[in-house]
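**Q** I am attaching a structure below and will ask some questions about it afterwards.
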Amino acid sequence: MKIGIDKIGFYAPHLYVDMNKLAVSRNVEPEKYTIGIGQEKMALAPITQDSVTMAANAALKILDEEDKKAIDFVIFGTESGIDNSKSAGVYVHDLLGLNPYARSIEVKQACYGATAGIQMAKGHIALNPKSKVLVLGSDIARYGLNTSGEATQGAGAVAMLISADPKIMTLEENSAFLTEDIMDFWRPIHADKAFVDGKFSNEQYIAFFNKVWNQYKAKSGLELSDFEAICYHLPYTKMGFKALKTVLDEGTDEDRERLLANYKISTQYNRNVGNIYTGSLYLSLLSLLELNENLQAGSRIGLFSYGSGAVGEFFSGKLEENYREHLHVVEHEQLFSSRIEITVAEYEEIFQETLPVDSSTMELDLEKDPATICLAGITDNKRQYVNKVFGKVPVMK
Ligand code: HMG
């Protein structure tokens, strides 16, 4: 049975910071951010967007009424969850009006969470071919103002519908994965920003890529020339390039040219959004599929997932006939073109806004946020969400 990505959608908040301007205000040469790191724009979540609302906004655009009835499993990968107990999947399930007879859970392993979700979804569909699984990857990447990680922040979500007979990409059987207990990046429960050993994290990312790539080749008998493109988890767009470079000598000139050209296309969306942790690899896949109009059905795409701490996986998929007809290219063009640039001073102010943690009530101004699904406030320590289409506006006390 073919199992894979039937639909894929994306959401980023409507605000962004220009990396050239951020560089100037940090006394850094702009080329360090735009070339050395490889980022142009950094998406910023206003206080009315969190991991729940971003995931729901991403899913809202791709699901029809039939999908909503057929989904019986919501798997939410995130490392910026809003509750240590209740899963973000349960909130999204309600905000989208999904079939109540469904499982809804949250999965955590840094940026690897959505990949774990996809693999779990594959198993579920294999046992229940009529089911559809909604896999979400949604995060806000925060390192802090004036930190070395600042240029690699971002916010956004990817939603994927995993099903039998998928319309976009069939996931192949072969997969290679690896776990090693390392401290390259982590966020203790008490912290709202990540701790990171930047250089070590870069080294480990490449080491993990090499290990799983070699294991994948041994398991599958495939080699570099079998791939039309390889998409990477992209904490910043130069990172995947550093990993790709280490294997390019395995191919011919033609392979190198093809893989480098497709790599560039696969980084365009990420370059303009920043790191979105769990959704990052799938945003890169979306960038490749939507911006390269010449990919043929049957082409094999490699996928490298990396979640600090760390778990890595290399797996692959093949494009389906007419896959382009099932993408949301126009909506995503609109999403990018309707974003609003904010100044560095405005970014700093928004970045520091927080919800109360002393049980007090806060009502948020939804007029400023054009998204359909927003956080309306907090009351009795409960986040109050609104789907403007459902008109379900919570009563704030
Ligand atoms: P840094 O110390 O600010 O930057 O940290 P740098 O000094 O290493 O410079 C970066 C690059 O810019 C270098 O290129 C410089 O040469 C270049 P490289 O040697 O790396 O190829 N550069 C310039 N280029 C052109 N013109 C110039 C110029 N100046 C300098 N004028 C770092 C950078 C990425 C380490 C930092 O931002 C950081 O710690 N970020 C967060 C951690 C991270 O993203 N790690 C990536 C791997 S781990 C991962 O992917 C998992 C993660 O997503 C979390 C999860 O799994 O949940 C992070």
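Backbone N, Cα and C atoms are what each Cβ position is placed from, and that goes for glycine too.
Feature annotation from TrEMBL assigns active site, proton donor/acceptor to E79, H233. TrEMBL lists C111 with the feature active site, acyl-thioester intermediate. As annotated by TrEMBL, (3S)-3-hydroxy-3-methylglutaryl-CoA binding site applies to Y143, K242, N275. Look at TrEMBL and you will find 2-165 tagged as domain 'Hydroxymethylglutaryl-coenzyme A synthase N-terminal'. Annotated domain 'Hydroxymethylglutaryl-coenzyme A synthase C-terminal' per TrEMBL: 264-352, in sequence order.
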**Q** Identify, among the recorded positions H233, K242, the residue whose Cβ has the fewest other Cβ atoms within 10 Å in this structure.
**A** K242
**Q** Measure the Cβ-based neighbour count of C111 (active site, acyl-thioester intermediate), defined as the other Cβ atoms within 10 Å of its Cβ.
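**A** That number is 31.
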**Q** Using the alpha carbons only, what distance in Å do you get between N275 ((3S)-3-hydroxy-3-methylglutaryl-CoA binding site) and the residue listed as 'active site, acyl-thioester intermediate' once rounded?
**A** 10
**Q** Given the active-site residues E79, C111, H233, find the one whose Cα is closest in space to the Cα of K242 ((3S)-3-hydroxy-3-methylglutaryl-CoA binding site).
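**A** Going through E79, C111, H233 one by one, the Cα closest to that of K242 ((3S)-3-hydroxy-3-methylglutaryl-CoA binding site) is H233.
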**Q** Looking only at the domain 'Hydroxymethylglutaryl-coenzyme A synthase C-terminal' (264-352), how are its residues distributed among DSSP helix, strand and coil?
**A** 43 helix, 20 strand, 26 coil
**Q** Relative to the Cα of E79 (active site, proton donor/acceptor), which of the recorded positions C111, Y143, H233 have a Cα no more than 10 Å away?
**A** C111
**Q** CB neighbours of N275 ((3S)-3-hydroxy-3-methylglutaryl-CoA binding site) within 10 A?
**A** 31
**Q** Counting other Cβ atoms within 10 Å of each residue's Cβ, which of the recorded positions E79, Y143 comes out lowest?
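**A** Counting other Cβ atoms within 10 Å of each of the recorded positions E79, Y143 gives the minimum at Y143.
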**Q** Where Y143 ((3S)-3-hydroxy-3-methylglutaryl-CoA binding site) and C111 (active site, acyl-thioester intermediate) are concerned, what is their Cα separation in Å, rounded?
**A** 15
**Q** C-alpha of C111 (active site, acyl-thioester intermediate) to C-alpha of H233 (active site, proton donor/acceptor): distance in Å?
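**A** On Cα coordinates alone, these residues lie 8 Å apart.
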**Q** Looking only at the domain 'Hydroxymethylglutaryl-coenzyme A synthase C-terminal' (264-352), report the model's average pLDDT.
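**A** The average pLDDT of the model in the domain 'Hydroxymethylglutaryl-coenzyme A synthase C-terminal' (264-352) works out to 98.
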**Q** For C111 (active site, acyl-thioester intermediate), which of the three DSSP-derived states applies: helix, strand, or coil?
**A** strand
